[in-house]
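Step one of this worksheet: look at the structure below.
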Amino acid sequence: MNRERRLILYCLVVGAVGWTALILSSPGAAPWGILALFIILALLVEAAAFRVPPADPHSLTGIVILAAALALGPADGALIAGISGLIFGIALPLIYRRPRTFYLLAARPILRSGVRAAAVLAGGALARLLADGPPGGALALMAFILCYPTMIQLNRAIREYIQGGKTGVLTWWQSSWTPVLAAEIAPLPLAALFAAIYTRLGSGYFVFAAVGLLAASLAVRQAAMNLRNQGASIRELGLLNEASREIIRAELDVEALSELIYRAASKVVDTSSFHLGLFDPESDRYTLVVRVQDRVRLPPLTVDLPSGDGLVGWMRQTGRSLLVEDFATEMDRLPARPRYQSERPPRSGIYVPLLDGGRVIGTISIQSYQPYAFDADDLRMLSLLADQAAVAISKARAFAAANERAVQLQAIQDVSERITAILDLDQLLPSVVRLIRERFGYHTVHIFLMGEDGRLHFSASTLEGEALERLRQMVVNPGEGIVGNVVLIDQPLLVNDVRADPRYIGDDSITRAELAVPLRYADHVIGVLDIQSTEAGRFQRSDLFVARTLADQVAVAVKSARAFQAQREEAWTLNALLQVAENLSRATSLDTLLPAVVRLPPLLLGCDRCYCLIWDRPAASFTPLAAYGLPAADRATFVGCPIAEHDAPLLAEVVRTVVPLALDSAGGHGHLCAPIIERFGSASLLATPLWTRGAALGVLVLDYGPSPHQFTARDVILANGFAAQIAGALESALLAQEAAQAARLEEELRVARDIQRTLLPSRAPDLPGWDTAADWRSARMVGGDFFDYWYLPVPRPFDRNDDPSATDGFARQPLGFVIADVSDKGVPAALFMALARSLVRAAALDGSTPAAALTRANRWITRDTEAGMFVTVFYGIIEPHTGHMRYCCAGHNPPLLFRADGEVETLHTPGIALGVLENIALEEREVCIAPGDVVVCYTDGVTEAINAAEEPFGVERLSATVAAMRTGRAQSILEAITEALGRHAEGPLYDDVTLVIIKREDHD
């Protein structure tokens, strides 16, 4: 049975006994009006009571009750005491706003009324025993008067013992003995005076006496309240003064100040359950520095407490105090829900923030298992105490932080001075982790540096033995583990409980906390400083400051060491490249360059063998130009022997991507470059592109022989630098060689062009009544177009004379003329043109008809050549004296016949080009050329010439040009066509251009 149940049982039993005694005493002899008067007077005097916590209210009600007992008898006095005690006992919780429980509304009023009635009856019985009659003698009266307060106070002592044990009784007695004596016992003799007034002077005088008693009660109450307030103020001032002196005398130590505040609060209220907590200024961490629960001192505790969470979080958010008189009745009205979860929750509490300049630095929380254990005065007093304490704690924390920061900065300076003096990266990093552990006492320190592959590689650690060997092989990807996440988010990570963090990757069983900070230089993360501890919650904000400052120093030191190392390597590299440039510059030809190309890499990079291969894109093969390090027999069979692209995928990839490729271990990868790896037993290869002017010239291959070689970035960079210089020198040598060959070819083509011109007529035939002109221009040095004239025999006998200038009878000889276009351009077309011209001329000189001559020429061409080329031909025979012309068109552009009257005819016959098929069928036709008519023969280079808008010159422009000049001479017509064609094309010729103009002159 708990205390509350025992207390209720006591109240009901004792109260029932008192009321039973009252009933058995047969009260009610006096008139009910008189009884009501005394009851009302008792209630009014009771209402003027004053209270000294934690005791019950004190009043002059005993005077009224004893006066009634003396005037009306003990039975009626006990009735007045019981009824007034019951009524006021029920009203008391309502007056003081206490919870409406069974104990307060029923059990305690029954006890109060029952004990009062029993005390009156017991006093009457004692008086009769002493006086052997009604209480009239002095001794009997004194016994009667003292019996009442004795039983009342005895009941209170028993009740306090049930509630709080000996401590409760002692606390009650210390706080109530003075007001009990002064207000409840000392005035009791006045009861005899009031009884005498009632019995001897009558009820009128008694009413005046009752008013005086009520006024006296109010005066006593006011005096008690004034005295209480004065005493409280004196105690408060004394307590505040004492607390202030202790705070001033206290050292700037947060824990000592917190303990002082706890002791000072204990002098104001019951601190059986007391919490003093401080907030971390930069996080949601809340540390209970002083922690007392049920008078038991508990160790400090640190928790995460977001702002606004629970009553403490509410105080941090608002900076306001809170008084909770009864959680049971006020829970729904609280500004925040309490965070505690307990089988025995507190019933009341005081919550006071520690404010320093408007900033909440902590809180004081005091709780009690009793409702209404605290009041507004307690809240005010604790608030004043908290304000002084907050300032002192802030100063102590600032002093501690400044002192700690000074120590840290001195240690950081010492570490910085020592690490900046080391320029060798291999010595720097082990020294850094060792110094950090020695000066700051961290358990384990690691450094990871960012590799060229974008991953973190282990660089240094304070670990030793097997643990260190395991770390040497460690590579961390961004986003992997706590260290990898630092790189990903580019922010420090402080994890005070790695077991609760899913990002942690456990590499040992003793790590409990981890602090990882990026090594940042110029907005780039170059590594991570990782610090570990075997204690959960080990790291604070100060450790983060130290780690970040050290990380910045380490990053600068790493960059300085790398820069120093890079300068040394760059100096060596520049010297090596200078040597390469000097040696290559001495080469005067490809024969003297190639030996230097393959000799320099082995000297400067230490490879065993070196090969220079040229890339032949059309043939899709690599041809070794030179090799070093091979036996003479192998070199003789290797150099100059093409390697197909599919036999060397490694080389093909280098040419395709223009990126050096390193093969650290060629074992099992012989298929990548079988002609080198499998043939010469190579273990490691570095293939570098010879790249120049946007084209892959070839590949420089460094062969490190049968022993595997681990290539570094420096190896690749140097090899690439060598290859760039070699490519430039090789290109220059090849270009020089090609230039010499081109010069020789150009000279040969110039001679060929001259020879080709000699195959064409040097002047136009001179026929009376006819005007001819011709032009031949090739798009290249030599071309595939040609034209020709020749005289044919006449039907009657005459002396043959091939001179076209003859003006006698030979002028009646028919004139054969031809214009042709070979299907290709350049040298092949020129050679085919010479052949075709000779065969066509040979086939036509016997006087055969145009169709027969071209058919015969086609047969000779198809039989004697296998070049796959063909030629389009237009062949015409003109009889000068009649103007008749027979012609045949073998796939050629049909000539245009411009009549003197402006009409235009196309001279076309069915037929295909010569040289396509051996047996072809050609047709011929006849036309009469009248005086003033013009025949224009042309090749497709005329009509297919295009301008900037890619529009062809076309037959229409050609016709328009001729039509405008048809009355002029043949040469004028030719020049007009050439000029119009030049204006249209505005650039070099794309195709060969040949024109033949034949005009029959007017008789006029």
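Cβ coordinates are placed from backbone N, Cα and C, and glycine is handled just like the others.
Residues or ranges marked as domain 'PPM-type phosphatase' by TrEMBL: 800-1000. For the domain 'PPM-type phosphatase' (800-1000), the model's pLDDT averages out at 87.
The annotation transmembrane segment is assigned in TrEMBL to 7-24 (among others).
Annotation comment: TrEMBL describes 30-50 (among others) as transmembrane segment.
Positions annotated as transmembrane segment by TrEMBL: 57-73 (among others).
Per TrEMBL, transmembrane segment is recorded for 79-97 (among others).
Long-range Cβ contacts of the transmembrane segment (109-131) within its own chain (Cβ-Cβ under 8 Å, at least 6 residues beyond either end) map to 10-12, 14-19, 21-22, 25, 65-66, 69, 73-75, 77-79, 81-86, 88-90, 92, 137, 139-141, 143-152, 155, 159. Sequence annotations record features per position, and here TrEMBL assigns transmembrane segment to 109-131 (among others).
Within the chain, the transmembrane segment (137-155) has long-range Cβ neighbours (under 8 A, six or more residues past its boundaries) at 14, 62, 65-66, 69-70, 111, 115-116, 118-120, 122-124, 126-128, 130-131, 180, 184-185, 188-189, 191-192. Annotation comment: TrEMBL describes 137-155 (among others) as transmembrane segment.
Among the features that TrEMBL reports, transmembrane segment is placed at 203-220 (among others).
The stretch from 30-50, 57-73, 79-97, 203-220 that makes the most Cβ contacts under 8 Å with the transmembrane segment (7-24) is 79-97.
Among residues of the same chain six or more beyond the transmembrane segment (203-220), those with a C-beta under 8 A of the stretch's C-beta atoms are 34, 37, 41, 44-45, 48-50, 59-60, 63-64, 183, 190, 193-194, 197. Cβ atoms under 8 Å from those of the transmembrane segment (57-73) belong to residues 29-30, 34-35, 38, 41-42, 45-46, 48-51, 80-81, 84, 92, 116, 120, 123-124, 134-135, 141, 144-145, 148-149, 152, 176, 179-180, 183-185, 187-188, 190-192, 194-195, 198-199, 210, 213, 216-217, 220-221, 224 of the same chain, restricted to positions at least 6 beyond its ends. Nonlocal intrachain contacts for the transmembrane segment (79-97), taken as residues 6+ away from its ends with a CB within less than 8 angstroms of a stretch CB, comprise 18-19, 22, 27-28, 35, 38-39, 42-43, 46-47, 51, 57, 61, 64-65, 68-69, 72, 104-106, 108-117, 119-120, 325, 372.
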